[in-house]
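Below: one structure, written as structure tokens.
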Amino acid sequence: MIHTSKTFQIIFYFITTYIFTYLIPSNAFSYHYFHETHTIQKLQHVIKKPTHAKINQKSITKFLLPTSYNQIKNQNINFHTTHKYKKIINNFSSYIIFHLQKKYKETNNYIIFIYQTWTKQQLQEKSIIYIHTFLIKYLTYTIAQPTQQYINILKTTTLHYNILKNFNQNNTSFTWHRKLLNNKYNDTYHSLQTLNNQSYYPNNHKKKHITHPIKTVCIKHNNDTLPKSIKNQLYINHELSLIINQQIHDMNNIISKQKEITAHILQVNQTFSNLIEQSQWINKSPALGETLRSQVSELPKIPKFQQLDNDMAQLRAKRLQYANQINKISTLLSYSKQDDGSNLTTFQKNILEKQLNIQHTLIISLLNNYDKQILELTKLKLFYEQLKHALQKIQQATHRYLFWVADIYPITISYPIDIYRDILKLIINKSFHYQIKSAFHMILTHKKTLILTILCIITSLSLHFGIRHHYYEFLERTSEYIGKVNQDNFRITFYNISSSIFMALPIPILWVCIGYNLNHAWPYPIIVAIGDGMNSTVYILWAFIISGYFASPHGLFITHFGWPKKRIQQVFSKHYPWSVTIIISLITTLITINNYNNREFSNTLGRLCFLILCIYLTFITNTLKHSGLPLYLNKYDSTDNIVNRSLWNIMICAPIIAAISCFFGYLFAAQILLIRLEASLFIWILLLIIYHIIRRWMFIQRRRIALERAKKKRATQLILRSKNQPDLSYKLSHKEQFTISHDNNKKSLDLDTISAQSLQLIRSIITLVAVLFMILLWSELRFAFSFLENITLWDVTSTIKGIDNIRPITLNAFLTVIVVIIITTITVRNLPSFLELTLLQYLNLNPGTEYAVIALTKYIIMLLGSLIGLSLIGIEWVKIQWLIAALGVGLGFGLQEIFANFISGLIILFEKPIRIGDTITIKNFTGSITRINTRATIITDWDHKEIIVPNKEFITKQFTNWSLSDTTTRITLRIPAPLKIDSKEITNVFTKIIKSSPLVLKTPPPEVYLIDLQYGFPIFEIRLYTINLKSRVPLRHQINIKILEYYKHNNIELPNIPFYFYKNLSIDPAIHSHSVFFDTTKPIF
């Protein structure tokens, strides 16, 4: 009990000493603070003699100490007694501030501004007013602890003593700062008085010269004796005077706004200084971190001052207008006439001249006011920018120092009791019930809110019950058209999406209406907090309801996207509405508790709601994973890959980790990180839906184009058949025949018709947009991860201007390198489809050039990514260039062939002796070029075998490119004929047969020659041309078949030819692919 008494004595001594010595350093009071007259006298005494406060502080502390000690010693310390002390101390500070303000209102406004600024801002920004709350909270916590923790209490109390000692050292600087503020505001006050005195005479002077003419003119105007020219000038002067008055009013508003922004800047800077000063003590106690967070939350938000530029532009335009008007005043007197066109009288000229002089004076004053107004708006914009910069600076400091600090105490055994106590406090609290009743009475008795509520209820009910039946009829009717060639249309998908979004509006409208009404019940804090929670969850509720409509049996997901029905029903089961209700209720309650009464219930009820929400999100995320929803889009749109599984496992574990962090007191950090993570998941699901919408549109367009082409080919085939001309080249494929079958309404859903490159481009764009959104979403927390910069992995020495500098390579730099590698890899992989569909298809390039552009761009991106990544980890080009040079020389000898092939690959890309799609013959191989790599080129022959040829062979060896500059090739056929046949007749027959084939080019024309008469029979050579290498074999087949049919029809027998006759026949790559020469043992036809 001796240790307990000493501990209580020390704690209460610090509380009382701190409150009277530091909380109110400029105002001293006696112990009988409830006596109002005595308090006012003390206030007056302090205002007159501020330096006397320090003497009274010592006497008050000396008087209070034994009284407080006896009070603690003689009573049984329990929770109610501690709560009583807390209430007394809180009321005491409120009492002091109340009487300060009350007394200041009775004095000069200038004194009010000085002492209010010093009392509220200087002390609040140094956390002096809020520290007593922290000490009382700690007193309550330590009293409830068992006796085994008294040693820890003593250590913590010693720490608080050091904190108060630090404040005691700063007390002198606060006093001097107050004196400087006094001098500053004295100077400002005298300056304002001087300006008022200076402006008093011109204003009175203007009134003397302006008021009398206006009154005179008004009398004349009423008597209708003056001409219209003078009346117009009177009206203009009257309008100018009104504009000047409005300018004065606007100027006052701008100046008051400047004062407000200046006060905000001072408040933010003081809060920032306080946060930096207290940063070393933050980790010692959660209550201190909570107090600092409370101060930061009370700061103003980042202002939006873009409208000031528009206001200044309008002022400049008006000033230019009046500047032009003042130049026209001198000419008005000579051009003014009577209403009948006669000249003005002398009296009228005098009146007009006076009015023009007044108008000139008014416009000059107007122009000066515009200049001042523009100047003040410029100052105001500068103040706004300073406030924005200060708020950004304190936001960064908050993330740096407070993000990873526990804001509440860890969960103990008494946590259920604390929850029960807070719930009981809310239920029994009469103020809570009174606020609810009063708020609803305020909403129901206020006409605007009542009318708005009734309209929202009527609109919601009419939308929900009036259109619901038509919506489902529309889905069922349009689902029959999906997939049918002649009836499917993208407008059906668009109408489905828009109608589903419209159908999901009723409940969010009603929800936001209730939240709006509750949020505007400003006298009742708990109701305002509930309104904030409802308004914050309206978009989440809307998204959940829209998803439910998309997942209906004839909705977007199943009918239009073709997602598996079982998996969709697994997610959107009959429990889905209850799940949405629970999630929205938990989020609303959590936001309400965070916004109510300075997070009074966050330690108990707020933490409980967050733990339940984390558990529920874990089960929901696991359900989404089993539904097959992809978090990673590969080229096959498959979810069975390691990246997708890893991302889903991270999303499942994230709520569990957040719950564990919340258990140990990191509630604020867990909430922020989980919100960002779930928002990232929502953004990705939204982009995934957009991707499938675009995919469906592309499928419809591709299938429609294929249908039109099939119809054209079918029409061409029918025309050729009507002319009895067989066509072997216009055969319809199996898919095309199936598409234009007799039943055009039959479904022919074939995803292979969609361009793979187009889908790859869409996936790349979706991934890029997702990355950009993630960067924007997580960029606010980049300073929260600044601790990574303190983890040094290794040091790098760099020389700058002959001076060696040591540069630490931190974990942050290493993680940045990993991100650069990932971005470089994704960019290189998706680059071909991106360039093909966005740039290259509009440049009219051949395939070889396109491939060269894509390959070189890949190499450049890989080089840049490598240089950036190496520089981030300290490996700069200056350091490795000599190493690379030495390796280049060494590898040039050791890996000569590899480097020769690499350089040959670059030469091929630039010189382009071969291109993708060319048909070549090299050595004993003939085929088509399919891929050109850095080391070798891949050739696919006619048997679909891939042949790998080193690039060096295409530079140093001879080969044949059949389609380098022109794909037109000549086919030579040697046809034997009987000796007795008529040569002219057989030549004409061969010519007719050749011309009857549609595969033969007319230019150059085909030729038939008799080239040999050896061995007793003539040999005719047919020379014809075709534009496609793939047509060479079909063309040979056609010509040979027709010649054989002619011989058979005319009873002509082929002569027997010796085999060695064909030893000099030339190559035909379309027939033989393994030999440079034809097999002379076989005839050509």
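Yeah, the Cβs are placed from backbone N, Cα and C, and that goes for glycine too.
Annotated transmembrane segment per TrEMBL: 12-34 (among others), in sequence order.
The domain 'Mechanosensitive ion channel inner membrane' annotation in TrEMBL covers 450-794.
Among the features that TrEMBL reports, transmembrane segment is placed at 450-467 (among others).
Per TrEMBL, transmembrane segment is recorded for 494-518 (among others).
Annotation source TrEMBL lists transmembrane segment at 538-563 (among others).
Annotated transmembrane segment per TrEMBL: 575-593 (among others), in sequence order.
Taken from TrEMBL, the feature transmembrane segment covers 605-625 (among others). The list of residues near the transmembrane segment (605-625) in space but at least 6 beyond its ends in sequence, with Cβ under 8 angstroms from a Cβ of it, reads 408, 411, 419, 422-423, 570-571, 579, 582-583, 586-587, 589-590, 593-594, 599, 648, 651-652, 655-656, 658-659, 662-663, 667, 670-671, 674, 678, 681.
According to TrEMBL, the feature transmembrane segment maps to 646-668 (among others).
The transmembrane segment annotation in TrEMBL covers 674-694 (among others). With a cut-off of 8 Å between Cβ atoms, the residues of this chain six or more beyond the transmembrane segment (674-694) that come close are 493, 497, 543, 550, 556, 561, 614, 617, 621, 629-631, 633, 651, 654-655, 658, 762-763, 766, 769-770, 773-774, 777-778, 781.
TrEMBL lists 809-831 (among others) with the feature transmembrane segment.
Under the heading transmembrane segment, TrEMBL lists 851-874 (among others).
For 856-896, the entry in TrEMBL reads domain 'Mechanosensitive ion channel transmembrane helices 2/3'.
Feature annotation from TrEMBL assigns transmembrane segment to 880-910 (among others).
Annotated domain 'Mechanosensitive ion channel MscS' per TrEMBL: 898-963, in sequence order.
If you take every residue in the domain 'Mechanosensitive ion channel MscS' (898-963) and average the pLDDT, you get 81. Same-chain residues lying 6 or more positions outside the transmembrane segment (575-593) and placing a CB less than 8 Å from one of its CB atoms are 526, 529-530, 532-534, 536-537, 540-541, 544-545, 548, 599, 601-602, 605-606, 609-610, 612-613, 616-617, 620, 671. Secondary structure by DSSP for the domain 'Mechanosensitive ion channel MscS' (898-963): 19 helix, 25 strand, 22 coil.
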